[in-house]
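J.: According to TrEMBL, the protein has these features:
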type	residues	note
REPEAT	39-73	repeat 'PPR'
REPEAT	171-205	repeat 'PPR'
REPEAT	274-308	repeat 'PPR'
REPEAT	344-374	repeat 'PPR'
REPEAT	375-409	repeat 'PPR'
DOMAIN	594-679	domain 'DYW'
Amino acid sequence: MMSERQRFAQLLRVCSKNLFLDQGLQVHTTVVKLGYGFDMMINNDLIDMYGKCGRVEIACKVFDRMPQRNVVSWTSLMCGYLNQGNAKSSLLLLCRMGSSMVKPNEFTFSTNFKACGFVGVPENGMQVHGWCCKTGFEWFPVVGNSLIDMYSKCGRIEAAFQVFDEVPERSLITWNAMISGYAVGHMGDKSLDLFKEMQIQGKTPDGFTFTSTLKACAGLGELDAGRQIHGFLISMGFLLSQQTIVAGSLIDLYAKCGSLRDAQKVFDQVERKSVISWTTLVVGYAQEGNLSKAMESYNALRKSSFPVDGFVLSSVMAVFADFALLEQGKQMHTYITKVPFGLDISVANSVIDMYLKCGVIEDADKVFEEMPKRNVVSWTIMITGYGKHGLGEQAINIFENMKSENISPDGVTYLAILSSCSHSGLVEKSQQYFSRLLKDPTIKPNVEHYACMVDLLGRSGRLKEARNLIKNMPMKPISGIWQTLLSACKLHKDLEMGREVGEILMKMDDVSAVNYVMMSSIYANAGLWKESEKVRKSVKAKGLNKVGGQSWVEIDKSIHFFYNGDERHPLTSRIHEKLKEIEKRLKEEVQFAYEVRFSLHDVEEESREESLRVHSEKLAIGLFLVHNDGIEKDRSCIRIFKNLRVCGDCHEFIKGLSKILTKVFLVRDANRFHKFENDSFGRSFQDKHMMYKLISARFR
């Protein structure tokens, strides 16, 4: 018959399992009154109950008052810390345990390998692993599985596989840990290979296996492999409608691979939809350019019973930022100030990013100033934003103030400051920061940092230095960095080096239309029309497609997209009339002439001018002017956005337009912002000086 002591212990275990905190507190009060306050078994159950119910501080008090403790006491409190996400306290407790007379068991080690995985410091895990080997628990299945998971999360995938390879008996959990490790470590091909091998070994995959393999497919962009797994799930009788996590992985796969119709089908089947899957759909539609569906999905999420958390807010705000949807962004910002998750640093960072990408630098500055706490991401976003606006000196000022706040820059921050220096032509400053980066023992420079330096040297005409930097890099150069140099060759009309770099690029990547287009332009600029035409024919023969130029403008909270030569808009005829009217004024008032070198060579002059007139950014501007026809006193800034770089002809067109209309044009392209105000590109010297003083005072 069960004793009174055992009944109390059983009650506490029920409270622990079901997270009944109030009932657990009542049981605690009763056992103390009845004299069981120092009973080891009951105290262990109390520690476990409080830890699982999120009251680890009470668990600590129980632990500290115990006259004697066993391995269960120590391990239960470690689990409590880990349950709260406090991995460091769990590891510190393990150190304390090492000084006591109590020896750890397999569950103690398993718990702390999980803690090491959370912290992400492989050296900590290696120390615990060494201790584990000395005690003989290394070969226990629960320890081996935790070791694989720990090394994977710490980025030591080779060590994880070594443990996996040496495990005497592999359970399904062991296979899942390694498959997941490869998937998370961006080694999806190995994850899929292991998935096949486990089935050969007679193991039946479960939901965790499928979640990891689908993640691997998404990372590789392997839509066909993902479809096969989807078919496998159906043939197994796997009910996706009730398996939220697996269905979420399928939705993520289809969305990332651009198959939004399939993603929507799976989403519609799921009975209990998750907020993550809903957000995945919103972002997926936005990245596809289907903004109406993205907003439709987001509005449906808002109307649902799901709480909109920080992840959702940040993700949707990122959509508004990428498409420069200022009005929607402002509305979201207002909503954010009214919900608890609006205080999250990640949410505030997304708001700052949105304002900067929409060209409203003052509002971004205000949000940044009002943040109660800032992290390295906050500062990096500000540095990037000011750099994109051509305010390199101010970006440097922010970078130095970040360091004075004792926040250390990471690799992305260095990328931001190098890019800012590049956009502002600050060669010496950029070299100083690059040198500082190379000397920083905590950061490993990557090819993108070198690409920033190549871009800066290339822009300033130091092409040979840029080429030598690429050739002396400690890592293998990728095609992108050679493309950066080729772009500089095109800018400075260096035919000889352009040919050299072009040959290197064609050997590395002969299926990128960008390489051919740049080489064609370099030959055309040198007057070598036959060579230019030959390159263009190669593009057609290989069936290569260049990314189409697309521009968009927001008018009355609606977004209007245009491609080059687009005639789909219902106001197309009026847009063309307005552009012709503007061109006439430009020719008369500012002697504007088409930069026909930006059009094809082998067509008539009139046709060449016609092709330039229908560039996507001009069509977007034309629509804005048609919509605001007759509103002469409107002094609002006209914001135009483009997915590629603005060509020289459009640059001169907008510059002249700013003068004759006395309006401010802010154009964001793939690289940076261009501000046109009263026939000046960028700000006047006085404006820049005043802004610099303002920002310097604010960040001092």
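Quick reminder: no glycine exception, Cβ is built from N, Cα and C everywhere.
All annotation found in TrEMBL is predicted automatically rather than curated by experts.
The model shown is predicted, which means the values in this text are computed figures rather than measured ones.
Any idea what these are sitting next to in the structure?
T.: Within the model, the repeat 'PPR' (39-73) carries an average pLDDT of 96.
The list of residues near the repeat 'PPR' (171-205) in space but at least 6 beyond its ends in sequence, with Cβ under 8 angstroms from a Cβ of it, reads 141, 144-145, 148-149, 151-153, 155, 157, 160-161, 164, 212-213, 215-217, 219-220, 222, 225.
Listed by sequence, the residues of this chain that lie at least six past the ends of the repeat 'PPR' (274-308) yet keep a Cβ under 8 A from its Cβ atoms are 244-245, 247-248, 251-252, 254-256, 258, 260, 263-264, 267, 315-316, 318-319, 322-323, 325, 328, 339, 341, 550, 559, 561.
With a cut-off of 8 Å between Cβ atoms, the residues of this chain six or more beyond the repeat 'PPR' (375-409) that come close are 345-346, 348-349, 352-353, 356-357, 359, 361, 364-365, 368, 416-417, 419-426, 429, 433, 442-443, 668, 671-673, 675, 682, 688, 691-692, 695-696, 699-700.
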J.: Under an 8 Å Cβ to Cβ limit, what residues of the same chain, 6 or more beyond the ends of the repeat 'PPR' (344-374), are close to it?
T.: 310-311, 313-314, 317-318, 320-322, 324-326, 329, 332-333, 336, 381-382, 384-386, 388-389, 405, 407, 637, 639, 666, 668, 673, 695, 698
J.: Which residues, given as numbers and ranges, are at least 6 beyond the ends of the repeat 'PPR' (39-73) yet have a Cβ under 8 Å from it?
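T.: Tertiary neighbours of the repeat 'PPR' (39-73) are 5, 8-9, 12-13, 15-16, 19-21, 24, 28, 31, 79-81, 83-84, 86, 100, 102-105, 108.
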